[in-house]
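According to TrEMBL, the feature ATP binding site maps to GLY152, THR153, SER154, GLY155, SER156, GLY157, LYS158, THR159. Positions annotated as coiled coil by TrEMBL: 496-539, 576-624. The compositional bias 'Basic and acidic residues' annotation in TrEMBL covers 10-19. Look at TrEMBL and you will find 35-56 tagged as compositional bias 'Low complexity'. Residues or ranges marked as domain 'Kinesin motor' by TrEMBL: 72-459. Annotation source TrEMBL lists region 'Disordered' at 1-65.
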Amino acid sequence: MKRAQPSFLHARENSVDRRMRPRPNTRVNLESLMSNESSRTSSSRSSSPSNRSPSPVQSEYIPPEAVKEESTVKVCLRLRPNLKNNPVRLAFRIQDNTLLARGSDDNSTERQYTFSDIFNDSVSQAQVYESCIRPSISNITGDRGATFLTYGTSGSGKTYTLLGTNNSPGIVPRAIEQVFVENSNLISPQPNLKIDKTTIQTLDDESVRDEINKVQAMKRILQNRDNSHVRMKSIIQKEHAFHPKEDPDLRVFIWVSFVEIYNENVYDLLAHDSIFGKRKPMKILSNEGNAYIKDLSCVYAGSSEDAYNILQFGIQSATYGSTDVNSNSSRSHSIFSMTVVSFSVVDQQINYSVYKFCDLAGSERLKKTGTVGDRLKEAQKINTSLLVLGRCLETVYKNQKSKKLAEIVPVRDSKLTMLIQSALLGKEKFTMIVNLYPTEEYYDENLNVLNFSSIAKQIVLQKKMTQKHHRSTRFSFFLAQATSSPSARIDGNRLMMEIERLKQELDHEATVYREQLNEKELENQFLRQELLRQELQLRNELTDDFESYCVQREATFQTRLKQAQEAAALPYKSQIATLNTKVEKLRETIMDMEYEEEEYEKKLAAYQNELRKYRDKERRFRRLSL
């Protein structure tokens, strides 16, 4: 085997080097050495590796404390009013955007939790929506999407915040109304574009008809249809000022899907089989890091009424149950998604944004809920998925604080975290609304919720810079020695002068190229005008030639038509002449017969006269004989 030659440019790896040669632990930043000559003079180093201390490379890590609050997860707190008749001591109080928590024990420590916004029990649904949801869905073409998540204990008002009632709509009906009102002039009546497996798909005419029939079929199957959408729409329009956008070059297509995660199985709430209880678990796949559900039903919503009917259709198939805490408790995590596809006619570009509204099942303690049997199994699965969600948030928070190698976020440990992994990994906006029942009875459960949300509040929603972990090599050592010598400073000055000279040359060449570019643009504009003039002239010539050709062809066709008419009438002319001859003969025969008829009539009259005379004679003769 041939022995490798030593090289300063292609050094051996640390594990292969057996000579124990000096290796520095840090690298040298040449740019900082050249830009600060005074620091280079004062920090002269010895050639010994034990005494040198080269300048380290600047770290790319940004601590989360220096990041603005706009780049972190938005976590809002909403307090549910105490509806019990017996007065209960409240364990929480609000001070600005900070929640102060203290237990029943007077000696217990008061805990503080800071949120983006805190809404007390008197805040309306409209105020919650304006603060938490509306800014995140105002731009459908510039954002990848957003995830909105309601979290809290069982019976804390999560579903009310998300869906609301007919007289007090939640954030989902308001988001539907905002999207459809703001894009009312842009929404396409035909579903020509669709997202299939995170890719854009163009639908043919037959597929378009099938998609339209899906919505109509859901409306027919939907039970207890009333005018609740009309009432909710009027309420939302009074409480919010949504204005339509004007962009004639944009076409918008809105698709809706609705799923639930029940006992760690994903079910499609918009499938027709879900109504009759024949549900099949669905698979979650990934395409280039984007998770999607295989064979998920995505229904096109051409209006806000269609979207609301689709929502109601899915709610009828969701899983609810009764516990000691809540008589109508959600026993699954439900995710309502709106995919807004925008197509620019001018740029021929397609963008899409996915807005997910997640209604998490409440975290439960068996001592309070009293669940047994199937309810116990459901509670275990719910708490397990929420635990995985907490682990994911904690791992993301640790990764952004640590300068070491990032840990893997365990998004694949739960179906919930797999579906919202884009929000957990900072690829899209993430808003969490924490619901709290601020009574002393649920103090321990609420503390777990607050600790969970405090971690989410500190997560930075920006792509973390890739941290380069430099390795020490022989090249770093020799580079440090070379930069510390006096000759290196002289070469550095020459290099800086050469760089300045090259910059000036580049500026001059850039100026020349700009002038040439302007000349080429003027020439191009002149050529365009000349081409347009020639094209117009050519079109006029073609039009004149075609017009004369049409006149000539019309004259030829008229001549051929006359000849064809004459040729077609020729055999009939001889037949007509023959028939005319026969008619003349018949006329002569008729005239002869008429003449004979007149003679016969005369003879008949003469015979009648003779007969009458003969009868008169006969009568006279009889009289004479008598």
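First residue shown is number 1, and so on along the chain.
The backbone N, Cα and C atoms fix where each Cβ goes, and this holds for glycine too.
Cβ-based neighbour count (10 Å, all protein chains) for SER154 (ATP binding site) stands at 25.
Using a 10 Å radius centred on the Cβ of THR153 (ATP binding site) and all shown protein chains, the other Cβ atoms total 25. Minimal Cβ crowding within 10 Å, among the binding-site residues SER156, THR159, is found at THR159. Within the model, the domain 'Kinesin motor' (72-459) shows a mean pLDDT value of 82, rounded to a whole number.
For GLY157 (ATP binding site), the count of additional Cβ atoms within 10 Å of its Cβ stands at 21 [all protein chains shown]. When the binding-site residues GLY152, GLY155 are compared by the number of other C-beta atoms lying within 10 angstroms of their own C-beta, GLY155 comes out lowest. Taking the Cβ of LYS158 (ATP binding site) as centre and 10 Å as the limit, one finds 26 other Cβ atoms among all the protein chains shown.
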